[in-house]
Amino acid sequence: MAAFCKGRSRFKRVLLQQTFIRNLTGTFDYDVAVIGGGSGGLACSKEAAQFGKKVVVLDYVEPSPKGTKWGLGGTCVNVGCIPKKLMHQSALLGTAVKDAGKYGWNIPTPVSHDWHTMAEAVQNHVRSLNWGHRVQLQDKKVKYLNLKGSLLDEHTIRGVNKAGKETVLTAENIVIATGMRPKLPADVPGAEEHGISSDDLFWLKESPGKTLVVGASYVALECAGFLTGIGLDTSVMARSIALRGFDQQMAGLVTDHMESYGTRFSWQCVPRRVEKLASGALQVTWEDSGSRTEHSDTFDTVLWAVGRAAETRKLNLEKVGVVLEKESGNIIVADNEASSVPNIYAIGDIGEGRPELTPVAIKAGKLLARRLAGASTELMNYDKIPTTVFTPLEYGCVGLSEEEAERRYGKDRIEVYHAFYKPLEFTVAERDASQCYIKAVCLRDGDQPILGLHFTGPNAGEVTQGFALGLQCGATYRHLLDTVGIHPTCAEEVVKLNITKRSGLDATVTGC
Ligand SMILES: Cc1cc2nc3c(=O)[nH]c(=O)nc-3n(C[C@H](O)[C@H](O)[C@H](O)COP(=O)(O)OP(=O)(O)OC[C@H]3O[C@@H](n4cnc5c(N)ncnc54)[C@H](O)[C@@H]3O)c2cc1C
């Protein structure tokens, strides 16, 4: 206790000295200090340094409750987009192998998948990205500190390393880019003890085996999708709807396809407890909230994908006057990413109401850096952000869902053009295309501005990215009609849309 008090008083002394020197000279150790070296933080720090600012970035990974940890680069690189897309690709290859026979390949059966090989290759790639990020910071003269940061005052950061050693530094501007972490349910006995989250899944050395994925967010469905695709017995348990916030007709197509692909779904079910049996298997007991009956089954792995939360409370933000959204704990931000304290900014997932996507965090971070350097006044445009859900049948979208368009403009002012189409590559492979669907949600007025575009099918991300440019430029249905397709592609079906939902006509595409 005496040592603790001594440490604290030494720390207070250092802080007072820092404040005194800063007040006296008006200078700071850094022009910009960024807490969080993920998508947003790295982009912001490198950009600010490019504009001649003296920049430091603090990044520290708190191990998951299961003890999984990783390197520099944040969620996307280590436990998000990158390992997820690579494992999704592994699953797609399994489907391609099945198709290959129909296309003339002699593939000895049965084919099998080796988790260890896939995971090692993915993890090695991620490690190479971690290294690449460190090199880039060095090249761009950004000081990188592997410290856990929190605020002491509006210009002072306290960093603590893994051995508990403290460093205090000051900065004119502070950017918080600490992202989010998976939530684990506190009210389900055994959930944390026996379950894992997406923070662990990508770093497992051995196959998760028979897996229960709890949740129906995009993270839940993507993970369940690739686990099914690599041949694992996979179930999804969902309390309510899938892909909340996305167009619900499209969400239905995605989960219908997953069911036909082999993923089992239990809807309106709530896990009650997880117990480890003597055999090592995990027994999950859940309640079907419709029939109010209890059920149980055993699994090798239980993956919780029930949402993500900002860990802002650990940053001491409220003490320095940064206002947080009460429920989410996210930082309330203005259009210029400033928090309620003018020199403290927040970018990426941690900003309240911001889309939780890597390119959003990167772009917002770069634009903020340019503004801080006085090189630009441009603000981030959060409108019409495209995204893709990498489920076995991919779903790409940009703009408004049909529900949101109706809510904003009224059903009568909306025209929806839609089509069920068959990707050419599905024909020879005799794959079912029932869920391959496109819809353009337009205003009925004038040239019919496109409010939202939705696409399920192969390479949805690639397709949607191109059309996102169109929507950003104010594309109308008239522009779609004026665009010549690229034949034979799935994307050309977008520019051929001609059946309205209102007409009630069959929207199945026939012929070329
Ligand atoms: C499974 C999964 C799949 C995803 N797939 C996609 C996708 O396909 N496409 C897409 O666009 N987005 C995807 N995302 C979302 C994307 O990863 C995030 O939106 C993005 O990483 C957010 O960037 P960020 O800078 O806000 O935070 P992060 O990238 O999370 O970085 C925050 C960093 O700050 C560190 N940190 C936290 N607290 C402190 C502290 N006190 N001191 C120092 N460092 C700290 C963290 O350890 C982390 O390194 C996915 C997310 C998940 C979980």
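Counting begins at 1 with the first residue displayed.
For all residues, glycine too, the Cβ spot is worked out from N, Cα and C.
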Record-annotated NAD(+) site (TrEMBL): member among G132, G149, G290, G307 besides G215, A216, S217, Y218, V219, A220, L221, E222: G307
Candidates C44, C81 - disulfide partner of C76 as recorded in TrEMBL: C81
The domain 'Pyridine nucleotide-disulphide oxidoreductase dimerisation' (385-496) - residue tally per DSSP class, helix then strand then coil: 39 helix, 31 strand, 42 coil
Residues K85, G149, D349 binding FAD per the record - widest CA separation, whole Å: 30
Which of C76, C81, the listed disulfide-bonded residues, has fewest other Cβ atoms within 10 Å: C81
Overall pLDDT of the domain 'FAD/NAD(P)-binding' (30-365), taken as the mean: 97
